[in-house]
Structure formats: C-alpha cells, structure tokens
Amino acid sequence: MYVLLTILISVLVCEAVIRVSLSSTREETCFGDSTNPEMIEGAWDSLREEEMPEELSCSISGIREVKTSSQELYRALKAIIAADGLNNITCHGKDPEDKISLIKGPPHKKRVGIVRCERRRDAKQIGRETMAGIAMTVLPALAVFALAPVVFAEDPHLRNRPGKGHNYIDGMTQEDATCKPVTYAGACSSFDVLLEKGKFPLFQSYAHHRTLLEAVHDTIIAKADPPSCDLQSAHGNPCMKEKLVMKTHCPNDYQSAHYLNNDGKMASVKCPPKYGLTEDCNFCRQMTGASLKKGSYPLQDLFCQSSEDDGSKLKTKMKGVCEVGVQAHKKCDGQLSTAHEVVPFAVFKNSKKVYLDKLDLKTEENLLPDSFVCFEHKGQYKGTMDSGQTKRELKSFDISQCPKIGGHGSKKCTGDAAFCSAYECTAQYANAYCSHANGSGIVQIQVSGVWKKPLCVGYERVVVKRELSAKPIQRVEPCTTCITKCEPHGLVVRSTGFKISSAVACASGVCVTGSQSPSTEITLKYPGISQSSGGDIGVHMAHDDQSVSSKIVAHCPPQDPCLVHGCIVCAHGLINYQCHTALSAFVVVFVFSSIAIICLAVLYRVLKCLKIAPRKVLNPLMWITAFIRWIYKKMVARVAHNINQVNREIGWMEGGQLVLGNPAPIPRHAPIPRYSTYLMLLLIVSYASACSELIQASSRITTCSTEGVNTKCRLSGTALIRAGSVGAEACLMLKGVKEDQTKFLKIKTVSSELSCREGQSYWTGSISPKCLSSRRCHLVGECHVNRCLSWRDNETSAEFSFVGESTTMRENKCFEQCGGWGCGCFNVNPSCLFVHTYLQSVRKEALRVFNCIDWVHKLTLEITDFDGSVSTIDLGASSSRFTNWGSVSLSLDAEGISGSNSFSFIESPSKGYAIVDEPFSEIPRQGFLGEIRCNSESSVLSAHESCLRAPNLISYKPMIDQLECTTNLIDPFVVFERGSLPQTRNDKTFAASKGNRGVQAFSKGSVQADLTLMFDNFEVDFVGAAVSCDAAFLNLTGCYSCNAGARVCLSITSTGTGSLSAHNKDGSLHIVLPSENGTKDQCQILHFTVPEVEEEFMYSCDGDERPLLVKGTLIAIDPFDDRREAGGESTVVNPKSGSWNFFDWFSGLMSWFGGPLKLYSSFACMLHYQLGSFSSLYILEEQASLKCGLLPLRRPHRSVRVKVIC
C-alpha cells in the first residue's frame, strides 16, 4: 500500500486550479473528462526536457505529505491513467513560486504542466480583481485537450475572438470543430500556441486583435497562389524561396506552418500525413510514438486588423540595407555583411510586405465592435445554450445583436462604462455581458514620418544584407604618387597633397625617424651607410588628415662616400683626409694656423699686460721654437743630401755641380730600396671582425668519428657567443677530422626593436542605438498604477520581448505621457510610452585598445644551420626558441624607456596601430575612448550584452507617441586615423614593429646581447669531398670606427653548394660566405678601426688555401654628434667599444700618403709655406714631385728649380 501511495504521490503532471480568496464570489476550477493512455508518450516527450523543481511535496487528500522527485513523472503518469477513483493530490515546491512555475513555467519561460486551467468570475468582477491565492490539484483523469502546452493568461477572454474567430488552415480538417471558431472551452493548437508565454510576445500584447488565420477568414488578408507549399514535392519549387531566407523554429508535433509572404498574402508549408515539420521548418520527418497536431504553426509574431489605409505609394528606406529576405532595397557594390536579424514589417492595403527600420506603435482606443468582448454562460436562463451543464463555462456572444444607442438590436445587453457609452445597456435581465477588450483599439505605426494603420504588423527573423555604413579603415598602402629624391643632405619625400607629420626610414635593419610640423615634404637622415652604399630604403609616413599612414620604397644609387659624407668645417670632414679638396684643405690649414697664432698672440698680450716676467715665460717657448726649427733644418738638409747622393750615383753631378746639356739616356733599373727605416713605419696591423663574432666549437661539446670517406660529428653541450650588430653575423665554426672539413652555424642579426609589452586591453568599435517604442493607455497591457515610474532598465515590455531575447546590449525605459480622449485613451490617467533600445555595431570591424606596461628589447635573428637551411626567429630578453639542432636563448643587458603612461595604443587587426593621447582607463568613462568596451572582437561586432558601458550613454527625447534616442560617443576609428603610427611623443618615435606584430619605440639606445646555443646530440655529416671554388675581391665600402661597419664583397665561382671560409695569417680574422654553383657576388659586414685597410686572407672551399687581398679606404661618419633630435634611431646591438682613435687615424694617414717620407714632405711644404722659412727646394727629378703640389719649372740654368706650391 505504501509503495502504491509513493507512486501516486510522484505525480507532477496535474490540472491547475486557481482559487482566489476575495470577499466577492469567485471560483476557478481545472477539469478533465476523459483519458487517453496512447498520448502519454507524446506528452512526456514534450515535457522531459523542461525545467521543473527538484523537490516536490505532495499529499493525497491532505492525509499524508511525502517528498518526491520530479524524475518519477513518466511512471507516475502511467499509474494515474491506470488508476480510477483516486482522490485529489496537491503538490507544491519549496517556495510558493514553484507552484506558479507548474502552470506558468520557470523563469526561462518554459511550461511544465500539461493541463489547461480556466477561470470563471462574476461579471461585475471582470477586469477589477487580482489573484490572491494559488493551489494545484491533480484530478483522477486527464482530458485529451489537456495534453497541449499550458496557457496561462490573466485575461480570461482571450479566446473570445473578434470577427469569425476561425483559426484553421485549409486541408487540416480534424481541428475544424474546435478552431471554427475558437471557443472558451475548446482546444485549438493553431491558436493555443500563440498564447504560450514567451513565444509570441507581440501578439500577446495585442491579443484582442486578429491572428493571421483569422484575418484570412475575415477576408482582410488574401491567400497566396498557390496557398500551400507541399514539402513532399517542393524540390525546385519557387514557393520555398522566400521561406528559406527566414530563420524559423517549429515544434516536433506540427504538420503545417504558415506565414505572411512578400506579397502581403498568407502562404504555408505542410507535410504529408504521418510526417511532422523538422526544427527548421524546411523538411518533413516521419513521426512514430507521438500524435501530430493538425493545426498550423505561425512562423511570425504578428497581429492583424481591418484597415483602409492605402499603401500602394508607400516608400520606405532602411538605412544601410541592401536586401531583406527576397526584397532588394538598393544596389550595393561594396562590401556586404549578411546575418539573420529580427526585422519589423507591416502590410497595407494594395501593398506588399513593407520592412521597417524601426517599429513605433501607438494605440487609439475606440468604440468600434472589435473593441468589445461579449459573452454569455453555458446553461444560462434564456440563453443560446440553456441545457444543463456540469462545469462552468462561457460562450462568445455576437456583439452585432446588441442595440447601439439610438439603434435597434435583437438581444438585450449590458456591460461596463465604455460599452454603455456606445450601446444601449438594459436595466432588465440581459442576454449577454460586454466589456472593453483590454489592449484593443486602432493600432498605428509610423512610416516615413507619417502615422498609418496597417493591415498586419509583426516581426520575423530573416536574412539581411547590409553595406558597411562607414568605409573600413584602409590598409597602409604604398603611395604610388609620392616622389623621393636622394639629396646630399638627406632623403627627401614629397607627397601629393597630404601633409606628413612624421616618418620612419629603414634599410638593412637600421631605422631612423624624423618628425616635423605637418608639411607636404619631409627630409630624413639616411639609415646606416645607405647614403653611400645605396639600395632600397623603406619609408613609413604618418599623415595629419583622416587617412591612415602610407609607405613608399625609395631607391638610391651608390655614391662616392667623400661626396655624400664630406663637409668643409666638421669633425668627420677634418679627419677624412682622403676626401679633402683644395678648398677644404686650405680652410683646415688656415683655420688651425689662425687659431694657433691668435692663441699665442692673446697669451703674449695677457702676460705682457700682467707684467709677469714675460721673458722668463717666453724663453721656454723660444727654446721650443728653436728646437723645432733645428729639427726642421736637419730634416731638410738630410733630404737634400739624399737627393744629391742620388744625382751623383746617376751621373747628373760632377764635383758637386750639375752636368749641363742633354746627356745620353741611361737605362732605368729598379730603384734600390734605401728607405728601409721609413718603410718600417708602414708595417701597421689593422684590426677587423669579419664574422663580427666567431668561436670554434670546443672539443668538450664535439665528438667526431670517421666512416670511410665520410665524417660524422656529434654536438652536445652549450656554447656562448656574442650577437653580431645589426646586419652582421655571429658564427660557430665546426671542424672535422680533416683540414677541408669545416662547417659553420651562422646567426645574423636582422633587426633590433624596443617592443611594447602589453598590459590591459579591451575591444571597442562604433556603436549606435536603435529604439522601438509603443504607447499604451492606462490599465492596458503593462501600464498599471505607477508601474511606469518604477520601470527597470533590464525589464522588457511584453511587446518587445521577441526583440529583447537577443544577446545584444539593450535597455528599457518607460515615460509617462498624456492620457484621456485627447491622447486617444478612455482613461485620463497618464499613458505609458514603453521604449526598448538596443545597440548595434555600425562597422563590421573592431579595434583593440591597450597600454604598454614595459618596453623590452627584441632581436630578429636569421639562423643558417650547418646544412644551409635558413630560419628566422624573434627573441626577447631571457627567451628561448627550439630549433632542429637544439635551442637558442638570448641574454640582454639594456635599459628601457619611461614616460609612456600618458598615452595608449589602438590596434586594427589588419590595418596597423595608432597612438591615443590619453592614459589607459580601467573603467569606461563617458567622453573618453572606450565608453563601450568588450572582451573580444566578436562581442563588439554583435554588440554583445557582456560588454561594459559607461552610465547614461543614451539620451531620450519622448514626444507623446514616439521617441528619439541619441548618443554622443567617441568614434574610435576617427581617433585611429588621426593617431596612425608612426608618431613622435616625448622625443620618442613610435611605429609598428617588423611584420606589424606590435608597437616599437625608437630611442637611440643600445643593448649588450649574448646568445646561448644549446646542442642536443645534433649530428653533422661531412659527406665526400668538398666543392672547389675561386674568389676574387670586388670592393670594400663603408665606414670605420662605426656600428654600421664596412661591407666587403667577393665574387665567388663554385662547382657546387658549399661555403667559403677565409682567415688572415694569424687566424684572428675570418670571413664566412655561402657558395653556389656558378658565379655569384657575396658580401659581408666587417668592422675596422683604421681608414686604410690592406689585409691578406687565405681562403678555401675544399681545404686548398689560396691568398686573397682585401684592400680599400674607409671614411669616418659623424664620430661626434651631440645634437639633440626628437625621435631617435633603432636600437644598436653590441656597439663597438673602440671609438675614433688618433693613432689609428695617423697610421692610416701615413699609409694613404705613401709612407712617412711623403707625409713629412707634404707637411713640410705646408709648414714652409705658412712660416715663410724657405722659398724653394732643389730636387733633381720630376718624379720626386710632392703630392701637395710640386710643379717643375725648367730654366736655362744647369740646375732644375722646383717651385713649391702648397
């Protein structure tokens, strides 16, 4: 007995009875009159996925209460059907709201119960009473119609329909009895589904207007031709074209669905018998174990009314919309965005379906017949159905039988005040009672600024194609019309109209920046040594207008370093002796001599005025001067003696006198080397670094073995090497067991960056509001008491629920407006203007805003492994990357920058970066960037509700029946275009990093970088014999004592793919270059500290070494630059510690002059000319003429006098 009792108590499917405890008489009952066990499974299928209370307390006839679980619903339902004569069972949840959820459904608007309850009240209490108590009673039996979803409606007269009240579709005859017309007691699935909570909120707000099926039967809306699209034979049928652009959802148990098509007519889709519509309403599925409803499912949320407003000349415009469904609004040639959207529409007389950009509704209450509901009671005395009844039920009454004021009618009617103001209300026993239908009246919508009365109005989810309302940010494109000129003073870039505020020029991994007041022309310094070496220079320019940055590649030819780096009065112009012209040499000598004379004269005058024993002070100066003159005379005499000795040996002088006449020519022989003492001074060793940094793999990490002619070496361990400067290479040399077995691991420093380490970030975009409004009179819909004043932003009015179910950002408002007849209301209390506002993205793109919490150095390295394969990696401080031979990590010693907290940055995923001149804000603030911020790009594009907003962003202006909503948001795209990088702030230039992967800063900094190479049992094979090659020296260009270095180029002819290695005699210098089959020119960066380079290398590709002489003249480039410039340059990696050195320079000067003797002679000439000590020198041969300008003058004397012109 207890087991049976437990099973019976587990019942959750019950018939709900609402009992209201008021002083007046009222009774509400739930009932059923038959059972149908075969329909239990179908009912359970529709209920088992619903949310129900976890625990229920149930009691049988109030005797005993037992807790049970809702999971027992299915078995308990079968037990109830099998049992007869059970007593009433009452169930409730943990809190009173659970009782309501069994009828209404849980907060997610789902239904749990499977019975329909109906309320009956006294006529005088209709429209005035409220619910006071709730109870649930399970009856012994369930009615067949009770297996439909629950409909809970506060208005008991929703089934009292206007017009004929027919809600059936042709061909579905099984429900004609209950749907033709809809009655208080009958079940009509085509109509009942419209009253399910949350499914059709617009119709439920205007439920006393006609449904689409009712409008068709009342000849308000016509049927389509053909009226129905049979899915069984719809393959290729054009009737499905419009249906397929709609996004719909159908329950599993409907066989047909209907909608308002593009022509403003009703169309439908249906399945053959025993088939039901699938979830998307596009296919038919055979159903077993469940009965199919013969009603038709509505695919749109709409209501209809009678109207005579003509819409044939009506033209509407939807901003930015190209197509809606199958309607083409305008031709769009640009980029389109396609999505399913909830779009309002309306149908007018003599018009097709009209889609609306927004829906503004207003209702005017009137005294037309459709505004009233009339009813009588079944079994009523002298009623139309006066037979005995077992239940209390109502029956609709035709209002046309009631007499109007001053008119006649066949029946006597009574009703509320509104009814009695238009109809004769009898004081006698009435046949029917009539009252004003809540929410009825003439509904008008605003179309093109005019209020018009539509036949039907509603919402549907349909495909919408929109053009991008604002042009997307253009990519950084090459400026094809810009002009570049390689001028001696810098690289000049001229635009074709836009003004340039800043620019970045890069070449060979070195970048320089420049900023100025906006102008159509900008002059940039040449990066590195590109001015003399030539080549391509990439320039990235920032504009001052609303367009983004642009770029251009300038090509400069190689030029003479002396021409491009020369000057008359400057530090590098002075020390670059090989570049002096006659003018610059004269200026230098004159300036230095004048400075010396002036200093001595001033010193003498000061000492003389102070009378501080000037003779005692001058005596040392005199002695020094005399000593210098003595040395000078001795050197001149020595030179004259040597010249005379040569003349005597060749026979030009006899007894100390020159021989007159023209002696016979004497055969010339190679000169005897008599200046060995002086030539010793030319043996000056110059330092160079070829592979910038080179180490040889030690035996501790190398193990080699020989297998025939092949050698295999295994590397396992760690090697530490300094990174090369930008453009240079660091090399690890691996030698096999043979002399010709050498391979290299080369790591080239491609570029260096001071990159931004990002902190917080958010996504933002261009967002605009869209507002929907509807004015309802007092006591209509949700406009009760002071509800409007207490309306919450997250509370959506019922008529906007269909739109409000989306996940976009939205808010709701209610504004009290005027009431009374002047405002179209019966009630003089204020009406309610309900507003639903949702935000939408204007552009189909989003921007990311971030700040930089730190600036870190990063190197881009190009690694060429032992087999010649090349890979490029990026490494930051203390970071590592794995390779096929092991791993490489980077250690940096550098300083960052500060002062970047006062601005933030914007990133466009495809267009680059921009700077914002305001600090990063952690919370959205009105009037600043990021008023609306989201956590992802997709959230911005969909204006998702998870986005954060600053308060009070939307301003409202209510105007009785309509409303304007506006925002004044900061447009991040305008900010992006205005601040597009590169830009200069705080004497630092910010630009996009290489590959557009971040933001970098230029600050003239330097880093000390070390690379740690970790080898993990990596094998290197030396297979067969090495290839042979020949190399010839081409040229040497660049600078000395500089970070850019010099570039040595060789012409290499090889029989195969391999590598050329070269070293000097003592093994301190190495050059490593790849060799390929054929002849190819290869270059490598070296660093020298002397201007005159002459170094002999031994090169080899196959172990057979041959000599190679590298010789050339280098110049100094700005060794001293104390000017302060805004912007800066790219970071220098491992700057050369050796600066310009006087002794190295002097040794180079002697080498350039041809030796110490020629250097002495040249300076002696200049000194002689300056001091006037000597007027001429005697030499005997023209080939002894000095470089400073010795011109031989022949005279008719025995001797040859040479006039000195210095």
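Glycine is no exception: its Cβ is also placed from the backbone N, Cα and C atoms.
What you see is a predicted model, and the numbers here were worked out from it, not measured in a lab.
The disulfide bond annotation in Swiss-Prot covers Cys229-Cys239 (among others). Here Cys239 (disulfide bond) comes close to Ala224, Pro226, Cys229, Ala267, Val269: these same-chain residues lie at least six apart in sequence, with C-beta atoms under 8 angstroms from its C-beta.
Under the three-state DSSP scheme, Cys271 (disulfide bond) falls in the coil class. Remark: Cys271 (disulfide bond) has Leu231, Gln232, Gln255, Ser256, Leu277, Cys284 as non-local neighbours, by Cβ distance under 8 Å and separation of at least 6 in sequence. Annotation source Swiss-Prot lists disulfide bond at Cys271-Cys284 (among others), citing experimental evidence.
In the three-state DSSP assignment, the secondary structure recorded for Cys374 (disulfide bond) is strand. Positions annotated as disulfide bond by Swiss-Prot: Cys374-Cys434 (among others).
DSSP assigns Cys420 (disulfide bond) to a helix. Residue density at Cys420 (disulfide bond): 15 other Cβ atoms are found within 10 A of its Cβ, drawing on all protein chains shown. Summarising the annotation, Swiss-Prot assigns disulfide bond to Cys420-Cys425 (among others).
The disulfide bond annotation in Swiss-Prot covers Cys486-Cys556 (among others), and the record cites an author's statement as its basis. Taken residue by residue with DSSP, Cys486 (disulfide bond) is part of a strand.
Its Cβ placed at the centre, Cys506 (disulfide bond) has 21 other Cβ atoms within 10 Å. The disulfide bond feature in Swiss-Prot is assigned to Cys506-Cys511 (among others).
Cys731 (disulfide bond) carries a strand DSSP state (E or B). The disulfide bond feature in Swiss-Prot is assigned to Cys691-Cys731 (among others).
Residues annotated as disulfide bond in Swiss-Prot, with similarity to another entry given as evidence: Cys756-Cys852 (among others). Following the DSSP three-state reduction, the secondary structure of Cys852 (disulfide bond) is strand.
Annotation note: Cys965 (disulfide bond) sits in a strand segment as assigned by DSSP. Cβ neighbour count for Cys965 (disulfide bond) (all protein chains, 10 Å cutoff from its Cβ): 20. Positions annotated as disulfide bond by Swiss-Prot: Cys771-Cys965 (among others).
The number of other Cβ atoms within 10 Å of the Cβ belonging to Cys777 (disulfide bond), over all protein chains shown, comes to 27. If you look up Swiss-Prot, you'll see Cys777-Cys825 (among others) marked as disulfide bond, on the strength of similarity to another entry.
For Cys934 (disulfide bond), the same-chain residues 6+ apart in sequence whose C-beta sits under 8 angstroms from its C-beta are Tyr762, Trp763, Thr764, Ala846, Val940, His944, Ser946, Cys947, Leu948. DSSP classifies Cys934 (disulfide bond) as strand under the three-state reduction. Annotation source Swiss-Prot lists disulfide bond at Cys934-Cys947 (among others), citing similarity to another entry.
DSSP assigns Cys1029 (disulfide bond) to a strand. Cys1029 (disulfide bond) counts 23 other C-beta atoms within 10 Å of its own C-beta, drawing on all protein chains shown. The disulfide bond annotation in Swiss-Prot covers Cys1029-Cys1101 (among others).
Annotated region 'Internal signal sequence for glycoprotein N' per Swiss-Prot: 131-153, in sequence order, evidence recorded as similarity to another entry. Residues belonging to the region 'Internal signal sequence for glycoprotein N' (131-153) score a mean pLDDT of 31 in the model.
Here Swiss-Prot flags 608-650 as region 'Golgi retention signal'.
The region 'Internal signal sequence for glycoprotein C' annotation in Swiss-Prot covers 675-690.
Swiss-Prot lists 777-783 (among others) with the feature region 'Fusion loop', giving similarity to another entry as the kind of evidence. The list of residues near the region 'Fusion loop' (777-783) in space but at least 6 beyond its ends in sequence, with Cβ under 8 angstroms from a Cβ of it, reads 205, 363, 365, 438-439, 441, 797-799, 819, 823-832, 834.
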Excluding its own, the Cβ atoms lying within 10 Å of the Cβ of Cys556 (disulfide bond) add up to 21
How long is the line from the C-alpha of Cys556 (disulfide bond) to the C-alpha of Cys731 (disulfide bond), rounded to the nearest angstrom?
-> 31
By CA distance, which of the disulfide-bonded residues (Cys374, Cys420, Cys434, Cys486, Cys777) lies nearest to Cys852 (disulfide bond)?
-> Cys486
Reduced DSSP assignment, Cys434 (disulfide bond) | strand
Could you say which of the disulfide-bonded residues Cys374, Cys852 has its Cβ with the most other Cβ atoms inside 10 Å?
-> Cys374
Secondary structure content, the region 'Fusion loop' (777-783) (per DSSP, counts of residues) | 0 helix, 2 strand, 5 coil
Once DSSP output is merged into helix, strand and coil, Cys771 (disulfide bond) belongs to strand
Hey, does DSSP put Cys825 (disulfide bond) in a helix, a strand, or just coil?
-> coil
Considering only the disulfide-bonded residues Cys420, Cys434, Cys506, Cys756, Cys1029, which residue has the minimal Cα-Cα separation from Cys825 (disulfide bond)?
-> Cys420
